[in-house]
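One structure is given here, and the rest of the page talks about it.
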Amino acid sequence: MRNIQTLLKGIEFELIKGDLNQLVSDVQIDSRQLTADSAFIAIKGTQMDAHKFIPKAIELGAKTIILEDEPSDLVDGVSYIQVNNTSQVAGLIASNFYDNPSDNIKVIAITGTNGKTTVVTLLQNLFIKLGYNTGALTTIENKINNEVIPTKLTTPDPVTLQRLLAEMVKKNCSYCFMEASSHAIVQGRLSGINLTGAIFSNISHDHLDYHGTMKEYINAKKRLFDTLPKNAFALVNVDDKRGPVMLQNCKGKHVTFGLHTMANYKGKLIDNTFEGIQMDINGQEAWFQLIGSFNAYNILTAYATAICLDEEPMETLQCLSELRPARGRFEQLVSKKNVRGIIDYAHTPDALENVLETIKDIKEDGENIITVVGCGGDRDKSKRPVMAKTAAMLSEKVILTSDNPRTEDPEVILEEMMDGISPTQERRTQVILDRKEAILKAVEMAEPRDIILLAGKGHETYQEIDGVRHHFDDKEELFKAFHS
Ligand SMILES: CC(=O)N[C@H]1[C@@H](OP(=O)(O)OP(=O)(O)OC[C@H]2O[C@@H](n3ccc(=O)[nH]c3=O)[C@H](O)[C@@H]2O)O[C@H](CO)[C@@H](O)[C@@H]1O[C@H](C)C(=O)N[C@@H](C)C(=O)N[C@H](CCC(=O)O)C(=O)O
Ligand SMILES: Nc1ncnc2c1ncn2[C@@H]1O[C@H](COP(=O)(O)OP(=O)(O)OP(=O)(O)O)[C@@H](O)[C@H]1O
Ligand SMILES: N[C@H](CCC[C@H](N)C(=O)O)C(=O)O
Ligand SMILES: [Mg+2]
């Protein structure tokens, strides 16, 4: 139990009614999770205004309400605290409730359109190898050492995030590596975290449905660096023209990496094969088990981060070279007929282009690429024709199929993808709505040595249709198709 005064440390507020010495048993932003004597933070979200749940919250036992708008009825025995922006202070309140966990664990957050999960996974596995208890918050799952905690978000909500950090501190973790999605940064899910470092991977077309314009999307990512403390490091990719933009108003220690630009950490891709990549990092050559030229960036990022955290260069390289890729990122299966299947989470135009370019670089003449791809519903519609066009430009054959339609009509999503296909490409493009059928068709069409790319769903083990997640796993379907 903590008293309200402790929870509000460092926050501007007004006590409308009640007692600041009141004890709080828990903090929640979701009225459905409330228990007796908890504090409810009413957030104005994108779908609804949680102020309407305040009466329900009190009924369920909330004794403290943190809000923006004063309600007409004030209930006796309940403390009402008014703040400017509940969404932005939720993390601070939760941090105070959990005893400011990020003062006792080094938290490093990575933002960028692509590569976050890969880098966080590399870093967690690297630091475990280096002997540390380490946590990781990723799109795939949250982890405390090897313990898996399932998640539905890339960056947890602000209260869950602080609770997870507190759990990591309890389990003696020295580090937490986490993804900071642009949604999370804008919604203040990271507030209350005292960051040790922030990383920028890259930025390209995504999430314009949410941010509106590329400028706003870039600004969202930049906010992570604008608010970084002086003693933290800011590690940015200077091959991306937005890398230097991230550093413009950043008080932290500026550190750069790149493959093509002068940087503190300089990498060079030497060889790129279906088994791995050979690269030079600051004058030292090493072999890595991740595939694809874009992974040279992810490896360089993990290396640079480790050195920023005072690890020894040779030991770091040695451990990195032993690591496997994250689930659903360029995972390969080869059939008896010698068809290569690749499962990859490319769900943005840039990722799809990178992964296809890399396959083209590695493959031999005469080997055809068959790409199976869809686009998610309730997500940036403007990606749809671009991703279809990219697939058609860089593959011999394309099957457009369903991804996670969520609340949208998958036929409409496919029509919007088809808008990106030119009349000449149409002859090499098929539309098969059922993803399982699409995968079967690709396998049926493939000749020995052809390459099938299943893009967009990577590690996901579900297909979300009308709000319901049905079991679906690209890797499982490909395996079955290869053996049927
Ligand atoms: C668009 C978006 O980002 N939405 C996130 C946001 O919810 P919201 O602002 O829309 O909330 P809302 O549904 O309007 O509800 C407002 C408030 O009412 C509360 N509520 C709601 C119902 C109820 O009965 N009682 C109650 O108290 C909710 O807990 C919330 O605090 O804040 C919630 C808590 O943090 C998130 O769960 C929710 O993620 C939704 C499910 C989502 O799909 N988000 C995606 C777009 C997302 O965040 N993606 C990024 C990754 C993108 C990437 O990897 O590229 C991520 O970080 O996962
Ligand atoms: N550094 C990179 N640059 C460009 N593309 C990349 C990079 N790393 C990975 N990719 C591509 O992006 C896909 C997603 O990678 P990853 O899951 O690591 O990114 P993410 O940033 O975590 O994505 P999300 O926004 O879904 O959390 C990969 O499957 C690959 O196709
Ligand atoms: N984190 C990304 C994942 C997209 C994955 C793709 N399979 C889709 O459903 O669109 C998002 O929420 O936009
Ligand atoms: Mg991710």
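Our numbering is plain: 1 for the first residue shown, then up by one each step along the chain.
Yeah, the Cβs are placed from backbone N, Cα and C, and that goes for glycine too.
Among the candidates Arg379, Arg427, Arg428, Arg449, the residue that TrEMBL annotates alongside Asp403, Asn404, Pro405, Arg406, Gly456, Glu460 as binding meso-2,6-diaminopimelate is Arg379. In the domain 'Mur ligase C-terminal' (328-458), helix, strand and coil residues by DSSP number 50 helix, 27 strand, 54 coil. In sequence order, Thr138, Thr139, Ile140, Thr154, Glu179, Ala326, Arg329, Tyr345 make up the list of same-chain residues 6 or more apart from Thr117 (ATP binding site) whose Cβ falls under 8 Å from its Cβ.
In the structure shown, across all protein chains, Gly112 is the one of the binding-site residues Gly112, Gly115 with the greatest number of other Cβ atoms within 10 Å.
For the domain 'Mur ligase C-terminal' (328-458), the model's pLDDT averages out at 97.
Local packing around the binding-site residues Thr113, Thr118 was summarised as the count of other Cβ atoms within 10 Å of each Cβ; on this measure the leading residue is Thr118. For the pair Gly115 (ATP binding site) and Lys221 (N6-carboxylysine), the Cα-Cα distance reads 14 Å. Around the Cβ of Lys221 (N6-carboxylysine), a 10 Å sphere holds 25 further Cβ atoms from the protein chains shown.
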